[in-house]
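Under the heading domain 'MARVEL', TrEMBL lists 17-154, 159-303. Residues annotated as transmembrane segment in TrEMBL: 55-74, 86-109, 129-148, 160-181, 193-218, 230-252, 278-297.
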Amino acid sequence: MGSTVEPPGGGYLHLGAVTSPVGTARVLQLAFGCTTFSLVAHRGGFAGVQGTFCMAAWGFCFALSGLVVACEFTRLHGCLRLSWGNFTAAFAMLATLLSATAAVIYPLYFARLQCPPEPAGCVARDFRLAASVFAGLLFLAYAAEVALTRARPGQVASYMATVSGLLKIVQAFVACIIFGALVHDSRYGRYVATQWCVAVYSLCFLATVAVVALSVMGHTGGLGCPFDRVVVVYTFLAVLLYLSAAVIWPVFCFDPKYGEPGRPPDCPRGSCPWDSQLVVATFTYVNLLLYVADLAYSQRLRFVPAL
């Protein structure tokens, strides 16, 4: 009974997973993520919904980045029943958005140049400022991976690495912001028209998540029709639906006949329905533009089912 000196296809450990440009970006993600998380947990401190979100975002990104590096380094990703290229591209884009949001929220709510009162004192201020710097570096590391892995014109790549695939992640992320504003006392239940807008947001979000999930799981070939055609048709319908919401929501929230054209002077800051309605309206237009851009890019895609 014998054994080969080297397994077929190369060694069991893939050194390129940590030495290539993409691998280096992932190692930096782990280093910056661990540093940011540790600085905040040790002495920087966090509180409230904002601080909890930042810690959850950094923890989630660190855990998934560790999994990606481990699977790449040991070549175990070949044993997983999913499209690895689509998974890593989708996660890198999601982590970029999460880390960017946390890099803005944490210094905005917690970092100050002045020393806070004791017992925190100047030590806590220094830790918070350092955490803010490393949070920004973490965002840059994830953005670098997206830039390095993004599909170039004429290149055969995973769908989620294309501009259309990356936009799907951004669309879902913006929809989550809309949902957050909706549940924060937006009073969307007052009119059937605003309830229609909520249905539009929900339907488009679920369809976008379904497209991402099918791509990541590698099941796009089982739809019974070409995946790229399904994506184009769905994106076109999403543009029409969001266009209707972009017209209806502002009318029924800011027109004097149905709502308030300006922010009420007696509306409490932090719990004002008008603020939530403004956030929903703003990000409705953002997502409308994203879907229009997605539709334009989808026209030029040619899907390769094997990836």
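Yeah, the Cβs are placed from backbone N, Cα and C, and that goes for glycine too.
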Query: By Cβ distance under 8 Å, which residues at least 6 away from the ends of the transmembrane segment (86-109) in the same chain are close to it?
result: 29, 40, 46, 48, 50-51, 53-54, 57-58, 60-61, 64-65, 68, 128-129, 131-132, 135-136, 138-139, 142-143, 145-146, 149-150, 158-161, 165-166, 169-170, 173, 212, 215-216, 218, 307
Field: Residues of the domain 'MARVEL' (17-154) by DSSP state, where helix covers H, G and I
entry: 113 helix, 0 strand, 25 coil
- prompt: Looking only at residues six or more beyond either end of the transmembrane segment (129-148), which have a C-beta under 8 A from one in the stretch?
  reply: 21-22, 25-26, 28-29, 32-33, 35-36, 39-40, 44, 54, 58, 61, 89, 92-93, 95-96, 99-100, 102-103, 106-107, 111, 166
- request: Using DSSP, tally how many residues of the domain 'MARVEL' (159-303) sit in helix, strand and coil.
  value: 110 helix, 0 strand, 35 coil
